[in-house]
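Student: Pulled from Swiss-Prot, these are the listed features:
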{"type": "BINDING", "residues": "D95, G206, S214, E216", "note": "Ca(2+) 1 binding site"}
{"type": "BINDING", "residues": "Q177, D228, V229, D231, D301", "note": "Ca(2+) 2 binding site"}
{"type": "DISULFID", "residues": "C82-C135", "note": "disulfide bond"}
{"type": "DISULFID", "residues": "C165-C249", "note": "disulfide bond"}
{"type": "DISULFID", "residues": "C191-C244", "note": "disulfide bond"}
{"type": "DISULFID", "residues": "C196-C207", "note": "disulfide bond"}
{"type": "CARBOHYD", "residues": "N69", "note": "N-linked glycosylation site"}
{"type": "CARBOHYD", "residues": "N238", "note": "N-linked glycosylation site"}
{"type": "SIGNAL", "residues": "1-50", "note": "signal peptide"}
Amino acid sequence: MYGIEYTTILTFLISIILLNYILKSTTQMMDYIIYRFLLITVTLFALTKAQNYGINLPITGSMDTAYANSTKEETFMTSTLCLYYPVEASNQINDGEWKDTLSQMFLTKGWPTGSVYFKEYTNIVDFSVDPQLYCDYNLVLMKYDQNLELDMSELADLILNEWLCNPMDITLYYYQQTGESNKWISMGSSCTVKVCPLNTQTLGIGCQTTQCGSFEIVAENEKLAIVDVVDGINHKINLTTTTCTIRNCKKLGPRENVAVIQVGGSNILDITADPTTNPQIERIMRVNWKEWWKVFYTIVDYINQIVQVMSKRSRSLNSAGFYYRV
């Protein structure tokens, strides 16, 4: 009898010890699960509060906003300056070390060696087809040429403003411009753009939709053409598609990290007269021209004043980047 009682008591004690062990193990497991859950929750919460670059959001405004550089106090962070100049300049200077000389001069104005880049282009027309603006600040030097005044004006309008563009299928659709900020921009090796305005019955106004020869020529043999037609009227468009593309574009606002330096000429190009240029901030400047060395000396001397009317951007840009953005 005593043996049975001892066995019962021993079994009871073992059960208590086993239960206690199970409870402790369960508690530890629950603590592990809870802490892991809290860690994951806090991590996800932080991520949801951060900017998500993986979501393809629709564009509702300018993507070229000037961003504050959060690391601007670090000594290894510096602004970059791109100086675009015609090949004529380097040919006239004819000095293999002229860029190094200018870099040393920029250093005296607070621009460290290696922060200034010299970009050469053949001519204004070719440069307008693919203006690659990669630096925080971009200065484009254009020597005035009376025969290229229209090209200079259109190039200035193109690079001094941000454009949101969509491709156009002119073989299937008619197009109309909805306001002053809406333009058609054509680019290519040779662009000839013809338009035929249509009435409400889609009949040509002063032209025949079946005869391209009766269309109005708005651009002929150009590499860059910013086409402006009467707003609110459908147009049938004819274009040399083998050598040119055309896009339906809206001017969103100024591209404030770009400035144009007009070299020479009696008058300065003025695109601020365009009512679509808003705000009316002048970022086209003129310097006198006698020799290219004199031009570069002037730019070095006034570089910091020039940059003051600009805003630094945090991303690079090329024509493909902003032309195909939809």
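Don't overthink the numbers, they just go from 1 along the chain as shown.
Note: Cβ is positioned from N, Cα and C throughout, glycine not excepted.
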Student: Distance check, please: Cα of C165 (disulfide bond) against Cα of Q177 (Ca(2+) 2 binding site), rounded to an integer number of angstrom.
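Tutor: Cα-Cα distance, C165 (disulfide bond) to Q177 (Ca(2+) 2 binding site): 13 Å.
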Student: Out of C135, C191, C207, S214, E216, the recorded positions in the record, which is closest to D301 (Ca(2+) 2 binding site) when you go by Cα distance?
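Tutor: In terms of Cα distance, D301 (Ca(2+) 2 binding site) lies closest to C135.
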Student: Counting across all protein chains shown, how many other Cβ atoms sit within 10 Å of the Cβ of E216 (Ca(2+) 1 binding site)?
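Tutor: E216 (Ca(2+) 1 binding site) is surrounded by 15 other Cβ atoms within 10 Å.
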Student: Considering only the binding-site residues D95, Q177, D231, which fall within 10 Å of C196 (disulfide bond) when distances are taken between Cα atoms?
Tutor: none
Student: Out of D95, S214, E216, D228, V229, give those binding-site residues positioned within 10 angstroms of C207 (disulfide bond), comparing C-alpha atoms, in sequence order.
Tutor: S214, E216
Student: These are the disulfide-bonded residues: C82, C165, C207, C249. Which one scores highest on other Cβ atoms within 10 Å?
Tutor: C249
Student: Taking the Cβ of V229 (Ca(2+) 2 binding site) as the centre, count every other Cβ atom within 10 Å, in any protein chain shown.
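Tutor: The Cβ of V229 (Ca(2+) 2 binding site) has 19 Cβ neighbours within 10 Å.
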Student: Looking only at DSSP and grouping its letters into three states, which state does S214 (Ca(2+) 1 binding site) belong to?
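Tutor: The three-state answer is helix.
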Student: Checking the recorded positions G206, C244, C249, which are within 10 Å of Q177 (Ca(2+) 2 binding site) at the Cα level?
Tutor: C249
Student: Go through S214, N238, the listed recorded positions, and name the one with the sparsest Cβ surroundings, counting other Cβ atoms within 10 Å.
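Tutor: Counting other Cβ atoms within 10 Å of each of the recorded positions S214, N238, the minimum falls on S214.
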